[in-house]
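Shown next, in structure tokens, is the structure this report addresses.
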């Protein structure tokens, strides 16, 4: 006689293992490890920025409120240095020249860069060589460019530029030696160097324009001018906002071409804020006043950058609301 096997005793049910229970911890560990590696790579650059940029910037702001006297101790003067910067005739003249150069070089380089971009935009094989040749001024050091233009501006009939204008019956001009033409001559150098850089950015922007917009414009019978005004320019609005910021900052910080071509002359006709700060700080040892002038330039640059960004944000919001 066989007996049936007794059923196994009932065991309490166990909850299935939570597969993802350890996942948050491992994900946190991976993120922490990834952030640690990223910060390790960033640390050398951050240290360099701190030592060579931010600490000197803070020290410069501190110096702007003092009469800096090496070996004798600094003397607190409050805002006297800023009052001098904003009221002194030499500073006001330098600020005026800086604004003129910044506006002229910004508008000129963007306009010339836009024209060059329209001429050289496309996929034709030989255009890469022409673009490279046109872009060369943007990568050549400013010291070399100024020496080239010093030769081009040679103030006699044998000079290159004077020879060209002589073909049209005009007499030789003292480009860099005349107070009437020196500032515009330096501005032309800045435009010539900045336009190729702006051209490449605009070409990149043109490559992102939706081609169907041009096809629709052709179907509607739009002329070249209408396509440019109603399709190309609106599509490049973000690009122009970026270029405006970069070119304006470049114009406000102009120094090398002035220093090497005219050194602020003749008779202060090309003196800009940075060359005046350089002379006050390193030639006349008026470090406090020079620091105040640098802070004024810094504040102007920050205000300009913020204003352009606000204008850009409003333009984007207005375009999205339509």
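Every residue, even glycine, has its Cβ placed from backbone N, Cα and C.
Annotated compositional bias 'Low complexity' per TrEMBL: 1-17, in sequence order.
According to TrEMBL, the domain 'ABC transmembrane type-1' annotation covers 95-308.
Marked as region 'Disordered' by TrEMBL: 1-23.
According to TrEMBL, the transmembrane segment annotation covers 36-55 (among others).
Long-range contacts of the transmembrane segment (99-120) within the same chain: residues 127, 130-131, 134, 183-184, 186-188, 190-191, 194-203, 206, 228, 240, 243-244, 247-248, 250-252, 254, 272, each at least 6 residues beyond the stretch ends and with a Cβ under 8 Å from a Cβ of the stretch. Residues annotated as transmembrane segment in TrEMBL: 99-120 (among others).
For 126-145 (among others), the entry in TrEMBL reads transmembrane segment.
According to TrEMBL, the feature transmembrane segment maps to 182-207 (among others). Long-range contacts of the transmembrane segment (182-207) within the same chain: residues 97, 100-101, 104-105, 108-110, 112-114, 116-118, 120-121, 131, 134-138, 140, 142, 145-146, 149, 153, 175-176, 232, 235-236, 238-239, 242-243, 247, 250-251, 254, 257-258, 261-262, 265-266, 269-270, each at least 6 residues beyond the stretch ends and with a Cβ under 8 Å from a Cβ of the stretch.
Feature annotation from TrEMBL assigns transmembrane segment to 228-249 (among others). Within its own chain, the transmembrane segment (228-249) has Cβ neighbours under 8 Å at 102, 105-106, 109-110, 113, 118, 194, 198, 201-202, 204-206, 208-210, 213-214, 217, 222, 301, 304-305, 308-309, 311-312, 315-316, 319, counting only residues six or more beyond its boundaries.
Tertiary proximity for the transmembrane segment (287-308) is limited to same-chain residues at least six positions away from its ends with a CB under 8 Å from its CB atoms, namely 57, 60-61, 63-68, 70, 74, 77, 81-82, 84-86, 91, 98, 241, 244-245, 248-249, 252-253, 273-274, 276-278, 280-281. Annotation comment: TrEMBL describes 287-308 (among others) as transmembrane segment.
Residues 116, 120, 189, 192-197, 199-200, 203, 256-257, 260 of the same chain lie 6 or more positions beyond the ends of the transmembrane segment (126-145) yet place their CB under 8 Å from a CB of it.
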